Amino acid sequence: MVQVDAIKAFDDNYIWVIKDPTHSTCWVVDPGDEKPVLDYLSQHNLTLEGILVTHHHWDHTDGIAPLLSCFPDLTVYGPKNGKYQGITQPLVEHDSIVLAGITLNVIATPGHTLDHICYVNNEIAFTGDTLFNAGCGRLFEGTPEHMWHSFSKLLTLPDTCQVYCTHEYTLANLTFAQAVEPNNHAIAHYHQQAQALRKANRRTVPTTIGQQKAINPFARAAQPDILSHTPKQFIQAKDTPEARFAALRKWKDNF
Ligand SMILES: [Zn+2]
């Protein structure tokens, strides 16, 4: 079983470390800052083999060039045709990669950015800024339709699949989730758990696909009554999962 560890970066980013238990090597996902990665490697006596990139934003990529100057042979996986120029192994949907003894499949998940990809298998998913615990990334480049379609792909993963997203936005997301569904006991219950975790300075990530189906309003846009507490000005004429997702995203942007 692969081991995944977290390196904290900036205010609320996690740089995920995929450790090969049989070797003293590891991979990192979205290193926006090289310093905490280099500290982690020396503390744990690990060699960096490569990097996985989900999308081009600076807080996911700025550490790559400095890491390459320390480890010139690094493999840098990332989206083909993205805006970040430092990818050595460009990937598209349906590609798969093998690292640290596991296979990860690439799915295209446009929405937050157009180049966004996720790395998934039935046990783990690295979802970058697409699927957050109880939320979703802002739509900087894509449309609500893009993001709903991307979410739908992630929601086909097994309920037990562990979801590793990049940001610790969970408490703010849960405040919004409770506004969307004030009578959803799963959200209220999990909000209390997450508050206790954060108070103890512990992570709320990873989560699971099953949990997201229960508490994440954006993952629940297929529920016909999901907008029953949404202010009218955000609701669209159509009543489809995409339109409900769009309404929720617009409300969250103004929440
Ligand atoms: Zn981003």
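Any Cβ shown, glycine's included, is placed from N, Cα and C.
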Further binder of Zn(2+) 1 named by TrEMBL next to H55, H57, D129, taken from the candidates H23, H112, H149: H112
Looking at TrEMBL, which one out of H167, H185, H189, H191 binds Zn(2+) 2 in the same site as D59, H60, D129? H167
Hey, does DSSP put H60 (Zn(2+) 2 binding site) in a helix, a strand, or just coil? helix
Out of H55, H57, H112, D129, the binding-site residues in the record, which is closest to H167 (Zn(2+) 2 binding site) when you go by Cα distance? D129
Among H57, D59, H167, please name the binding-site residues whose Cβ is nearer than 6 Å to ligand 1. H57
